[in-house]
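What Swiss-Prot records for this protein:
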- 264-291: compositional bias 'Acidic residues' (COMPBIAS)
- 15-101: domain 'GIY-YIG' (DOMAIN)
- 261-291: region 'Disordered' (REGION)
- 189-242: zinc finger (ZN_FING)
Amino acid sequence: MPPPPEDEAIAHKGHFYGVYLLCSQSLDSRYRAKCYVGFTVNPKRRIKQHNRGCDFGGAKKTSKKGPWQMVMIVHGFPNNISALQFEWAWQQPTLSTRLKIFPDLKRKKPKETHFDYNFRILNRMLGVGPWHRLALTIRWLETDYERAFDLPIPCHMEIVSGKVSISASQRKLEEATGTAPPVAWAHECHLCMQSIEQPERSRLGCTNPTCRLTCHMLCLASYLLGDEPGQYIPIGGECPLCETRLSWSALLQRKRLQLGVPEEMQDNEEEDLSDDGPDVDSDVEVQEFSD
């Protein structure tokens, strides 16, 4: 299989959760420019499913109303539940308790396109909890649709352009992220000085490969939240040992990759359009959690 283009990012299978926006390119005026919001763990595969129809895993709402373009995707969610909650709120802004404070989201403005309306909803969502605390990436997949947000988004979020490729290959992961030397862990937490039990589950370290920071996950979270009383999920901060700037989402992603990928998910590069795994049809009802 040829390597991905230089502007194409590589995400590791089992660690990618995205919420995407489709726009119809149908020649039928009833469907052209209509939009659809969905969840995926594999963007390339998902758009193929939508364009091939229900029999190949596409959604009922998109069947025979395309062809569709996946114009943007939001990713960086810590898990599929968080992404599904985001998807549901983006689909249902009038029902989401977090978005009811924005009465202007109840309907499209006069002459506003379906894309502009969905983009306006997204802009509002990125500024409210719990999503404004997440280190999300807003990725443009089609340059024709790129535009700036009217309202500023949190500075720890990233806006990028280019496709994303999902790979189960350990070789590709190492090529994309670099092969780091084995971590020399301490047996005690550097912050509370207590022994770290069940280290595979509760231990975190620094992203600086030369730093030997070893902490309980909760201890490091509390340390990084020192200047933010009342919050539960840190955004980032300085390493208590080497003062490297840390991103909480990057720490968790690094830990997941250190735990490895299940054997059944490795080295399987063939696409199966009839089975999209954890991807969920947007007709599924998702309960919105309260703070």
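Including glycine, each Cβ sits where the backbone N, Cα and C put it.
Over the zinc finger (189-242) the predicted model carries a mean pLDDT of 89. Across the range of the zinc finger (189-242), the DSSP-based residue counts are 12 helix, 10 strand, 32 coil. With DSSP states grouped into helix (H, G, I), strand (E, B) and coil, the domain 'GIY-YIG' (15-101) comes out at 25 helix, 21 strand, 41 coil.
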